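*Asks:* Annotations for this protein, taken from TrEMBL, read as follows:
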- Cys143-Cys165: disulfide bond (DISULFID)
- 12-33: transmembrane segment (TRANSMEM)
- 53-75: transmembrane segment (TRANSMEM)
- 82-103: transmembrane segment (TRANSMEM)
- 200-225: transmembrane segment (TRANSMEM)
Amino acid sequence: MGRTESTMKYMLCFFNLFIMFLGLVMVVIGVIFQMDWKVVKDVLKAYLTVEPWSFIIIGTLMFVIGIFGFCGPLFNNKITVFTYVIFLLVIIVLEAVIAILLITSQDTKRSIMKFGSDIFEAAPNSYVLRSITNSVQEQFECCGWSGVEDYGLLASFPSLPDSCCRENEPYGYLFQPKCTIWLASPGCKRIIEDTYETKFAHVVAIAVSVACLQIICIVAALFFINFGRERKRSWMPFFFF
């Protein structure tokens, strides 16, 4: 094995070992939140800004891709490395399609806001949608789509879903056992709009960085496949890896 091939091999192995570890950590974090382990959950809550199930899905995908990228070069299995390349190409294509849709569509923000409004409006009649709105309210620290008035509260001291109030709100749960309009967070519409504006540029920058890293991995994997093919060309047909 030449020096260049050896470099490509160990670069892919170490990088994908890190990806496997990172994916496993994400799955564990998602499972912790799903199982509601309060001690660990309270420590991680301030740093988790997306839904736990998305951590589990993304972490599992990273772990599976990492296995292909790690085991293929380690055992000199060109089919596995080629499968790894296909995985990365599919992900890059999906990222490119999503990026183009987000950048070129004039109605992206409007569609997101209408989708959110429809979910909040239909939530009273659906347990699933109520769970979604509660998750949104917890994640964005908001209450209702426009505000607490969306709940149609008429009582003097009406109670709201616990997701409408921050657990660390000053004087909140110390003196009142329930979340009320006096402790409720602002409406989700304005907060989601502001978040969309401020986070969009960050998401684009991260996506571009990830895509560049994926392209580097693809190039390294293709070099590794090509080196193996050149080494075996004298006694194997060109279409074998």
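Numbers run from 1 along the shown chain.
Note that Cβ sites are derived from N, Cα and C of the backbone, with glycine treated the same way.
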*Asks:* Which listed stretch (12-33, 53-75, 200-225) has the most C-beta pairs under 8 A with the transmembrane segment (82-103)?
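*Replies:* The stretch with the most contacts is 200-225.
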*Asks:* What residues elsewhere in the chain lie close to the transmembrane segment (53-75), defined as a C-beta under 8 angstroms and at least 6 residues from its ends?
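*Replies:* Cβ under 8 Å, 6 or more out: 8-10, 12-13, 15-20, 22-31, 33-34, 81-84, 87-88, 91, 217, 221, 224.
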*Asks:* Fewest other Cβ atoms within 10 Å: which of the disulfide-bonded residues Cys143, Cys165 wins that one? Let me know.
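*Replies:* Result for the disulfide-bonded residues Cys143, Cys165: minimum number of other Cβ atoms within 10 Å at Cys165.
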